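Here's the structure we're looking at; comments come further down.
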Amino acid sequence: MAQGCPIEGLEVALVDLQSSRNNVRHHTEEISIERLIVRRGQAFVITLYFRNRGFQPGLDNIIFVAETGPLPDLAKGTRAVFSLTSSDGPSPWIASLETNGAASLEVSLCAPPMAAVGRYLLKIRVDSFQGAVTAYQLGEFILLFNPWCPADGVYLDSEPQRQEYIVNDYGFIYQGNKSWIRPCPWNYGQFEENIIDICLELLQKSLNFQVDPSTDCALRGSPVYISRVVCAMINSNDDNGVLNGNWSENYTDGVNPAEWTGSVAILKQWHATGCQPVRYGQCWVFAAVMCTVMRCLGIPTRVITNFDSGHDTDGNLIIDEYYDSTGRILENMKKDTVWNFHVWNECWMARKDLPPGYGGWQVLDATPQETSNGLYCCGPASVRAIKEGEVDLNFDTRFAFSMVNADCMSWLVYGGKEQKLHQDTAAVGNFISTKSIQSDERDDITESYKYEEGSLQERQVFLKALQKLKDGRSQGPHRADTTPFSSMPPGQDNPRSLDTPSLQPSDVMQVSLKFELLDLPNMGQDINFVLLALNMSPQFKDLKVNLSAQSLLHDGSPLTPFWQDIAFITLFPQEEKTYPCKILYSQYNQYLSTDKLIRISALGEEKSTPEKILVNKIITLTFPGIVINVLGTAFVNQPLTIQVIFSNPLSEPVEDCVLTLEGSGLFKKQQRILVGVLKPHHKASITLKTVPFKSGQRQIQANLRSNKFKDIKGYKNVYVDFGL
């Protein structure tokens with residue numbers, strides 16, 4: 001350039017955010033290749049094209065501005081200003097030169113690994129020699145957590161685990177009971193169309209954002225904070241959250257929770273109705289939807305099922321259950337409950353707010369059970385803190401501990417009095433389950449939550465937790481999430497709170513009672529079982545045993561008893577006898593809940609002693625599953641034929657049959673097929689076509705509902721090839 005010729009200001013003509021290239025490198029290409037979606041702590045590249053000349057270092061200075069939230073603020077970290085030519089500025093954001101072309105510039109940008117996640121606006125200001133200044137808006141991008149970045153608080157150092165807990169968009173949620181664990185297929189669909197936008201909208205609708213949007217956005221760099229916000233927003237108890245909970249068995253104005261097979265339809269309905277809560281959810285639905293949101297935002301998440309899960313309402317680590325003289329559980333006296341199964345999430349994150357060693361997997365429970373800091377959410381509670389009995393650590397560790405390790409106390413109520421039957425130290429927290437990594441098998445992770453039942457360590461941890469709660473009660477709350485140790489007035493101890501395990505009544509009476517099924521409890525058939533009675537003493541025993549059966553909801557709530565019997569059993573010393581029992585289909589048919597759970601109980605007494613013995617068994621009635629056949633090889637953008645075979649297991653016709661199918665990458669939306677009436681024991685087959693639009697391992701989830709049953713499930717794994 002000739003000496004004395006004025007240098008014109010650098011003008012930007014075009015920007016290429018290189019969304020496709022960046023998204024592949026940031027593991028977000030499943031979400032989109034057209035929009036820039038990147039992860040913090042990892043560089044991404046953009047190209048600037050200039051209208052009039054090339055970039056000249058020393059003459060031009062390009063300053064980048066990244067802003068998030070409605071009130072971007074440098075001090076709060078929601079506005080970042082950083083220069084291409086200077087890396088020693090105050091901002092932790094970094095811009096560096098990659099290649100400098102004749103009329104273009106490739107620049108690498110990197111958000112710090114603690115930056116707030118969310119939607120950003122990217123701007124630049126170009127300062128040229130002799131004071132020419134121009135400013136441009138380059139466009140929007142979305143910033144997510146980064147479990148691939150060692151400096152991020154959600155870093156997970158195992159690629160198979162990252163693939164399972166971030167990338168995998170389907171899985172299983174375990175239901176049933178500890179004797180019959182059933183995998184329920186679920187479509188998480190965290191990368192489906194619009195789900196990322198719905199997840200960000202969910203953050204905007206939270207009470208935290210409504211009250212103080214500036215502070216809320218600034219805190220979104222913390223996985224602990226984000227997890228609590230999302231947890232509260234999945235239920236609708238405090239806000240217009242995603243799901244209404246319903247355990248009433250009346251779902252006429254919504255969807256029975258058992259019918260859902262995926263999160264996508266729920267989240268899209270919430271968005272489409274102006275963020276009105278979707279009706280209805282129960283624990284596994286809350287947990288599944290939260291899993292979708294957290295994986296989408298970039299926090300490693302898995303769904304956990306705890307069988308025989310305690311719900312301790314008074315904070316004494318004792319679950320009290322009350323029975324009448326027939327062995328029937330009394331609903332009107334139940335405050336504490338043992339859920340047949342309960343489902344929550346674990347999210348992986350560092351816990352700098354806790355002493356060292358308590359990071360890693362954290363319990364988060366979106367089911368609205370108890371409040372935490374005034375909102376219906378639970379966690380994050382360190383799984384290791386739960387195992388070690390550190391119930392005073394944030395957040396809600398006391399409540400989480402009681403779900404897996406409370407003791408269960410049974411009481412007989414008669415004549416206005418209560419008689420303790422026995423205290424069971426192993427009844428709560430069994431077969432804690434999650435899907436295995438890159439496998440359809442079930443993983444038992446009970447050892448992560450507690451030491452082996454019956455071991456000295458387990459009892460020491462339980463007593464340690466009790467003592468911490470007692471100390472917390474006498475000293476007053478010293479943590480944000482501390483809850484009262486007891487609802488008793490000050491100065492009075494709850495006589496049940498520190499009881500040591502008593503002798504089981506069977507030890508006093510030296511009699512053992514046990515139920516045993518004679519065949520599989522299939523829905524539509526009679527239930528055949530026996531009561532086994534064993535006299536372990538050298539004395540003659542004359543027993544009277546009251547037997548009863550009643551349906552249960554999965555949260556432990558009993559329904560009306562529908563069957564009763566009385567057995568008189570005489571036993572010589574060391575003698576064993578069986579008492580045969582049968583519950584007819586006609587007796588239980590009208591009383592079943594959606595959960596198809598029946599609790600049979602026996603309350604035995606012997607004339608020579610006032611002691612009594614209680615035994616019960618929970619039966620889950622089974623259905624034949626749906627069979628799905630994929631006819632041919634699956635290719636992207638090529639028609640695929642699917643055959644679905646299902647049947648009516650009952651000896652009576654069922655009406656209003658509806659079959660639903662879904663599967664991320666296989667169906668654009670949930671398929672709903674009206675089947676109508678199915679004759680008794682009739683098998684039906686439906687064939688349909690779809691066009692897969694994503695490659696890789698996929699899963700089809702199916703559900704059949706009718707007026708007699710709501711959740712006959714089936715699934716089929718499908719590998720979709722790229723094709724030609």
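Backbone N, Cα and C atoms are what each Cβ position is placed from, and that goes for glycine too.
According to TrEMBL:
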- C283: active site (ACT_SITE)
- H342: active site (ACT_SITE)
- D365: active site (ACT_SITE)
- N405, D407, E453, E458: Ca(2+) binding site (BINDING)
- 471-481: compositional bias 'Basic and acidic residues' (COMPBIAS)
- 494-503: compositional bias 'Polar residues' (COMPBIAS)
- 275-368: domain 'Transglutaminase-like' (DOMAIN)
- 471-503: region 'Disordered' (REGION)
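Sequence features, as recorded in TrEMBL, placed on the structure.
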| residue | record | contacts (Cβ under 8 Å, 6+ apart) |
| --- | --- | --- |
| C283 | active site | W339, H342, V343, W344, T367, H554, D555 |
| D365 | active site | C231, F286, A287, W344, N345, C377, C378, G379, D396, A400 |
| N405 | Ca(2+) binding site | G310, L317, I386, V428, G429, Y449, K450, E458, V461, F462, A465 |
| E453 | Ca(2+) binding site | T425, A426 |
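The Ca(2+) site is defined by N405, D407, E453, E458, and by the 8 Å test on Cβ atoms against their centroid, the other residues of the chain that qualify are A406, T425, A426, V428, G429, K450, R459, V461, F462. Each of the binding-site residues D407, E458 was scored by other CB atoms within 10 A of its CB, and the lowest score goes to E458. All chains included, 28 other C-beta atoms sit within 10 angstroms of the C-beta of H342 (active site). Secondary structure counts, DSSP: the domain 'Transglutaminase-like' (275-368) has 18 helix, 40 strand, 36 coil.
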